[in-house]
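Trainee: Just dropping this structure here.
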Amino acid sequence: MSNDTPASTGMASKAVDWTLATVAAIGSFILMLKLGAFHATPPESLDGAWQAALQFAWLHDLQVGRDIVFPHGPYGAFYAQLYHPDLVGLWYAIRLSHAVVLAVALVWTLRVVAGPGLGWRVLACGLALLAAAALVPGPDGIWMLASFLLIGLAVDDRRAPPLLIVLLVAAIALATLAKFSFLVMGVTALIAWTAAAAFRRDPMALLAIPLYVAAIVLLWIGAGQELSGFADWVRVSFEVGSGYAAAMSLTSNRYDLAVYGALVVLLLLGVWVGFRTQSALAVKAIVVLGWLALFMFVAKAGFVRHDGHAVFPFEMAVAAAALVVAHGLPPHRGTGQLFALQALALVGAVGWLAVAHTRLTPSEHTIDRQIASRVVHAPALLLGIANDLLSQQGKAAHYRDYADKSRALLGGPHPRIASAASVDVYSYMIAPPILAGLPYHPRPVIQSYQSYMPALADRDVKEVRRTGAEVYVLQVGSIDNRPPLADGGHLWPEFLSLYNPVDQVPLGLVIERRAEPLTLETRKLVDGKNRYNSWIELPAPAPGTILQVKGGIRPTLLGRAFGLAFKPPQLTITLRRADGSEQIHRLVPGQLGAGFPVSPLMTTPQEVRALFEGEAAGAPVTAFRINAGRLQQAFWGSAFPLTVTEIHRPGQG
């Protein structure tokens, strides 16, 4: 005969319950840690450049949205792995606390939405570990997760624990100031949850948004930002975001899109049916639309580009499916088939995440190996934090290595660079002067590939004219198969007017600011309406001359609507060289609106120096055309204004 009483049995069950929850939270924490190999992207890379620039901005109290223009906020300095030794301690503090909060919130949320009973809570803990494991491959998922967890609570008609809401709001606030797109996601989730909580008369409905605002204010000021500058950052980020889809308009895998779309439909159906009581139709609509908006934001973040970004949608599909499945525990009478579909969606999301990751990043380890490595090496990584903070190993050693590489790229640095009061780099390899400890003086759009809107380009031009760096290093080249001088192409007339060549270093051509600007001589060669697929003949540019093309391609109403949901079809430009050969490049309409040199094609420092010195430079382009089929014209119109202007220094050409 057993001596167990109901009270002792309940206590034992509760102890087991909390033990499993703790183990799940610890496991989720380990899986969410981004402390692995220092992922220190080299200084001559695109990502390494903006990471270094954002850390420089943090250390020197530069104001985001005013002094620098980038879609990341001030906490973007801690978004990826760190270079600067002075920030290592803060980086660890933010990364570790963020992972702890998310791990606790993930397990807690899934246990809250699951049905009562130890068995269902155990299953919820397993779902939490699965969702955390899905976040291992990409860097963005952990920043998106809090928004999905909060809107997941909106489906549950029971009141959520206030502390859980506080944790999620704090995580969303930090993500907001790490990257602008997370602000849009976070606000969407907050609105949806607040609407649902207000309907069920949850007191936290009145507090969630004020808590979010308070957290934003504290974090913003804590980052050394002026409170009045927050609106500037939001406004400028909208400018950057408005051109992002067209600028990054690359071809995504159609199977990824189809699978993701099918997963979203299944999950939204589960969300709609998943309300346990008869919630108001308006509340259900707000919550479901909020879910749809989050899925769309993630799709744009992932599928607009062609590289490993496309794993993000499937990472979040796993998290969302885990939420929907947990909410369906235990399956109610008559919902067995729907629950089976949601479980199938979860399995499909996990499987396709593995498939997509292997296809998109074949050089990396498979997800299962990454997860195993994360678990095996977690103790050593955590124990090594103190050593990394107190010694000159780890991140500090990496920083020294990159500083040496940066000085080499800058010629030692070159005496003229070393003596300059301010230094900048065109177009995107901006890390070397920062890592070399030189007085980096950024133009507003710190990497020229993002000045793809005329307003952003105009801002750069004004600042370069007014307070441009004393010394520039011109490193020609564009990303994503754009024309060679399209990224930041609007700055070339300014360089010719304001700067003189000095010397070459491995990174590019060194130019120094003139005491007085030159008045450039210009002559329009083409000025009028142009249609797609028609050749525009160009004269061979005289020595020391560039031919600057500028046009006004604007999206149609259909193009604007489609751009909000996804991305418009890309345009291309064909350049015909003097030898009759042709090359095709992607054309970003915003860059055409700002203007860029279409001829000659310059790819080396020697060719750029020849341009400044009034000599023949690069390969002349004898004709070009802008290509668009009927489908593209439905999104971009059939005709557009276009000018081609001959520009050279006085006495040249």
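Note that Cβ sites are derived from N, Cα and C of the backbone, with glycine treated the same way.
Okay, so TrEMBL annotates it like this:
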type     : residues : note
TRANSMEM : 20-40    : transmembrane segment
TRANSMEM : 90-110   : transmembrane segment
TRANSMEM : 122-151  : transmembrane segment
TRANSMEM : 163-193  : transmembrane segment
TRANSMEM : 205-223  : transmembrane segment
TRANSMEM : 257-275  : transmembrane segment
TRANSMEM : 282-303  : transmembrane segment
TRANSMEM : 309-326  : transmembrane segment
TRANSMEM : 338-355  : transmembrane segment
Trainee: What else in the chain is close to the transmembrane segment (257-275), if you only count residues 6 or more beyond its ends and a Cβ gap under 8 Å?
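Mentor: Contacts with the transmembrane segment (257-275): 155, 157, 284, 287-288, 291-292, 295, 299, 303, 313-314, 317, 320-321, 324, 327-328, 335, 338, 341-342, 344-345, 348-349, 352.
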Trainee: State the non-local partners of the transmembrane segment (163-193) in its own chain: residues 6+ outside its ends, Cβ under 8 Å from one of its Cβ atoms.
Mentor: 71-76, 78-79, 94, 98, 101-102, 104-105, 108-109, 112, 140, 143-151, 153-154, 204, 207-209, 211-212, 215-216, 219-220, 223, 233-234, 237, 240-241, 286-287, 289-291, 293-294, 297-298, 300-301
Trainee: Which sequence positions outside the transmembrane segment (205-223), separated from its termini by at least 6 residues, show Cβ-Cβ distances below 8 Å to it?
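Mentor: For the transmembrane segment (205-223), the sequence-distant neighbours (Cβ-Cβ under 8 Å, at least 6 residues beyond its ends) are 58, 73-75, 165-166, 169-170, 172-174, 176-177, 186, 190, 193-194, 197-198, 230.
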Trainee: Taking a Cβ cut-off under 8 Å, which residues six or more beyond the ends of the transmembrane segment (338-355) line up next to it in the same chain?
Mentor: 127, 130, 134, 137, 256, 259-260, 262-263, 266-267, 269-270, 273, 311, 314-315, 317-318, 321-322, 324-325, 328, 331, 366-368
Trainee: Which residues of the chain, 6 or more past the ends of the transmembrane segment (122-151), have a CB below 8 A from one of its CBs?
Mentor: 17, 20-21, 23-25, 27-28, 31-32, 34, 79-80, 98-99, 102-103, 105-107, 109-111, 113-114, 165, 168-169, 171-172, 175, 178-179, 182, 185-186, 188-190, 192-193, 287, 290-291, 294, 298, 301, 308-309, 311-312, 314-316, 318-320, 322-323, 325-326, 329, 346, 349-350, 353, 357, 361, 364, 367, 370-371, 374
